[in-house]
Structure formats: structure tokens, C-alpha cells
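A.B. asks: I'd like to ask you about the structure that follows.
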Ligand code: UDX
């Protein structure tokens with residue numbers, strides 16, 4: 001089989017590379033000439049474990065290629081995937097669909113045989129139909145169908161998520177399109193992956209429902225964590241105690257500084273706007289959005305409190321700035337709220353992140369960047385863990401304590417054990433776990 005993938009961003013590149021691993025011939029197209037040149041040279045523009053090898057292997061096998069030319073990419077394809085960005089539109093929170101519709105116009109101009117046009121980007125309900133009418137308007141006689149195939153990839157484990165997904169959701173406009181999609185995902189049928197074959201609208205909404213549900217689940221445990229702190233309960237035991245109930249499930253019950261990333265903040269907001277627009281408001285998700293925004297800001301106050309109520313003239317060491325580990329992605333990362341708030345309160349912030357510092361340096365002016373985790377600590381008044389990178393989980397605590405001016409740790413990801421930390425002589429605070437921080 002043969003497909004074209006429009007957009008070599010996160011979703012397009014991972015999906016394209018993974019389909020080629022399935023044996024499909026994939027041609028990835030992008031308008032960014034420099035990016036295509038880099039990809040042709042084997043340079044991967046994003047940080048995703050395993051992606052460089054996957055791309056190299058499939059390019060070498062002749063199944064994966066990159067081009068600027070959509071016409072060339074669409075020659076003889078069974079399907080063309082739209083995997084362009086759908087950022088939040090300035091001002092109103094709706095998804096900006098201009099890139100999707102521009103892609104539809106260009107596809108229309110190049111259609112010369114029956115092709116399934118698949119939206120892989122996260123798009124609001126109704127977008128597939130709009131793509132269909134754009135193409136129909138430009139090429140009334142063209143032979144094509146539209147399908148929706150949302151992705152559920154997590155950054156950092158995207159390849160595994162693609163190759164062994166919990167399910168595949170396909171919204172198809174016709175049986176002919178459904179058949180093409182079934183053939184594309186044949187390797188997953190062989191490992192008995194459930195395939196939810198449904199209408200275009202349902203597939204589009206399913207993606208938003210999944211992401212907003214997960215955002216709500218995280219927000220729920222974050223609020224329970226705050227309550228735990230007030231009543232002396234331990235949120236990890238609560239999460240385990242409820243998560244073992246199969247109806248609840250134990251994943252996504254880890255408390256933290258609030259969800260960030262390229263999907264949850266954008267998708268919660270977009271679904272809220274769609275629901276308001278059609279007169280069926282999703283009040284629960286409106287509240288989730290509000291709580292999460294406030295939470296990220298409140299995290300700086302925790303750090304200030306741990307420093308004795310003021311950070312004026314003090315140095316705060318920050319470990320981790322990306323929204324989660326194993327990515328260099330800074331989009332909507334809690335650090336973008338926390339660090340400026342600390343600076344505004346008069347702190348000097350020194351930080352380290354294993355992958356995100358290049359992008360973070362652009363977004364977070366005034367931060368002093370260290371070479372490694374220990375490099376952040378020298379004479380700092382406090383260390384705050386913002387991202388749970390593995391290399392922060394096993395720090396030499398004696399060395400940490402000796403480097404800091406005062407042994408204060410604020411662990412916003414709960415990667416250390418409160419008892420161990422107090423025993424090691426730290427004033428330690430985490431999220432939703434009992435044990436008062438040792439007085440300074
Ligand atoms: C998410 C969805 O998981 C994925 O299915 C979708 O396709 C894209 O959005 P991603 O944004 O890569 O993936 O990261 P994810 O691992 O889901 O984490 C999102 C945010 O939630 C991070 O900021 C993370 O720190 C936070 N989170 C996650 C928690 O705070 N607690 C949890 O228990 C899980």
C-alpha cells in the first residue's frame with residue numbers, strides 16, 4: 001500500500017515512520033524546505049526515543065521518503081493523511097483549522113484517482129465534512145472519501161503507542177474507505193487490537209472525549225491531593241485504593257503541578273468552545289480548565305512557602321522544565337508559569353533539563369542554565385523538581401544537601417519518599433502526602 005502524510009510534525013512524522021514499519025510506502029510532505037532537507041539527511045527535528053532508528057531503517061528500505069511536492073507524494077496513493085497543526089486560535093480558544101483546510105485545497109488540486117483523505121490531526125466535530133465539501137467544491141467529479149483516524153500517541157512513548165495501541169478509532173465516510181483503512185491497519189488486526197469503526201463525527205468527538213476525560217482524571221487526583229494535605233491522608237494510597245477498582249483504573253492518577261503539553265490544554269479548551277457553541281456546555285471540563293490554570297500558578301506559591309515565605313534575593317534551583325520526561329517539548333509546561341512567578345517574587349532561578357533547555361532558554365528569559373542536575377544546586381536556597389526525569393530520581397542526597405545553602409526540596413512530582421528525605425535531613429514537601437516539612 002502507499003500513503004502520503006501531510007505534515008512532518010510530531011504526529012505526522014511518528015505515524016508516517018510507523019506505517020512504513022508496517023510495510024506501507026509512505027511519502028511525508030511538508031512546506032518547510034529546511035525541515036525536509038534535514039529529514040532527508042536523517043536528522044530528526046523532534047526528540048522521541050527510537051524515532052531516529054525507525055526513520056533510518058525505513059528510509060534505507062525504500063519505504064519512507066520526504067518531499068516538498070504534494071503532487072509527487074500523492075502519486076498512486078491509497079490514502080492521504082492530513083497531520084498538520086491545529087493550534088488554539090488566538091482570542092477564542094477554538095482550534096485553528098486554517099492549516100487543515102489549506103491542506104484540503106491542495107489535496108483537491110492533486111487528486112487523480114480514488115483516494116481516501118484521512119484527518120489525523122485532532123479536529124473538532126464537523127471538520128471531516130468540511131474537508132469533504134472543500135474538495136468537492138474544487139473538484140466536483142473527483143473520486144474520494146473522507147475518513148477520520150485520530151491518534152492517541154503520548155510523547156516519549158509514541159512509537160510503542162502506535163505499534164501496540166489500546167485501540168484504533170476510524171471514522172469512515174463509506175465502506176470503500178473503511179476497507180482501505182482496514183488494510184492499512186492489518187498488522188494491528190493480527191495482534192487483535194480492537195478497532196472502533198464508526199462515523200466521521202463520532203471518531204472526531206471520541207478523540208476529544210478521551211483527552212478531556214484524562215485531563216479531568218488528573219485534575220481530580222490533584223484536588224484530592226490538596227485535600228489529603230489538609231486532612232493528613234496520603235494521595236498515593238488513595239490513588240491505589242481507588243485505581244484497583246477496574247471501573248476507575250489506576251493510570252493517570254498521579255498528582256502533580258497540573259497537566260501541560262501539546263494536547264490536553266488545547267483539546268480541553270477546544271471541546272469547551274465546541275460544546276458552548278452548540279448549546280450543550282461541558283461544565284465539568286470548563287471547571288477542569290479553570291482548576292488546572294490556577295494550579296500551575298499556585299505551584300510557585302508552594303515553593304515560596306517552602307523557602308519560608310519569601311524568595312526575594314534567593315536562588316531557586318529547578319530540575320526539569322519540560323511538561324513531562326522524555327521529551328524536549330515545552331508547550332504549556334507548568335514551568336512556564338512557575339519560573340516567571342518565582343522571578344517576579346524576586347528569586348534568581350537556576351535550572352537544568354536533560355532535553356528541553358534549548359527551547360526553554362527562548363521562552364524563559366533570565367534563567368541561568370546549568371550543565372547538569374548538580375550544577376543547579378550550588379548555594380541555592382531550595383531545589384524544586386518540576387519534571388520527573390529518571391536521572392532526578394536517584395540523586396546523591398548527601399551531595400545535594402552539601403551543595404545547597406539550605407536543605408529544602410519541593411518535589412512537585414513525588415519522586416522521593418517523604419520519610420527518607422526527612423531522615424536525610426531535608427525540609428521536604430511534595431504533593432498530597434502527609435509528614436510536615438521539617439522546620440528550618
Ligand atoms: C496526551 C495523551 O495521553 C495522548 O493520548 C494524546 O494523543 C496526546 O495527549 P501527552 O501530552 O504526550 O499525551 O502526555 P501524557 O503522558 O498524557 O501527559 C500529559 C500531561 O499530564 C503531562 O503534563 C503529565 O505530567 C500530566 N499527567 C499525566 C499528570 O500530571 N498525572 C498523570 O497521572 C498523568
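Glycine residues also receive a Cβ, built from the backbone N, Cα and C atoms like all the rest.
Sharing the record's features from TrEMBL:
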BINDING   30, 35, 86, 122, 155, 266, 331  NAD(+) binding site
BINDING   152, 153, 154, 155, 207, 252, 253, 254, 255, 256, 260, 324  substrate binding site
ACT_SITE  263  active site, nucleophile
DOMAIN    317-418  domain 'UDP-glucose/GDP-mannose dehydrogenase C-terminal'
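If you look at the structure here, what lies around each of the features I listed?
C.D. replies: Summarising the environment of residue 266 (NAD(+) binding site), the number of other Cβ atoms within 10 Å of its Cβ, over all protein chains shown, is 21. Secondary structure at residue 266 (NAD(+) binding site), taken from DSSP and collapsed to helix, strand or coil, is helix.
Taken residue by residue with DSSP, residue 260 (substrate binding site) is part of neither helix nor strand, so it is coil.
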A.B. asks: Report the same-chain neighbours of residue 86 (NAD(+) binding site): residues 6+ apart in sequence with Cβ closer than 8 Å to its Cβ, ordered by sequence.
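C.D. replies: Within the chain, residue 86 (NAD(+) binding site) has Cβ neighbours under 8 Å at 95, 96, 97, 99, 100, 121, 122, 123, 266, 270.
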A.B. asks: If you count the other Cβ atoms within 10 Å of each Cβ, which of the binding-site residues 154, 207, 331 comes out on top?
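C.D. replies: Counting Cβ neighbours within 10 Å, the top one is 207.
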A.B. asks: May I ask for the distance between residue 155 (NAD(+) binding site) and residue 207 (substrate binding site), taken between their Cα atoms and rounded to an integer number of Å?
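C.D. replies: Residue 155 (NAD(+) binding site) to residue 207 (substrate binding site), Cα-Cα distance: 16 Å.
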A.B. asks: So among 152, 207, 253, 260, 263, all listed as recorded positions, which is physically nearest to residue 331 (NAD(+) binding site)? Use the C-alpha atoms.
C.D. replies: 260
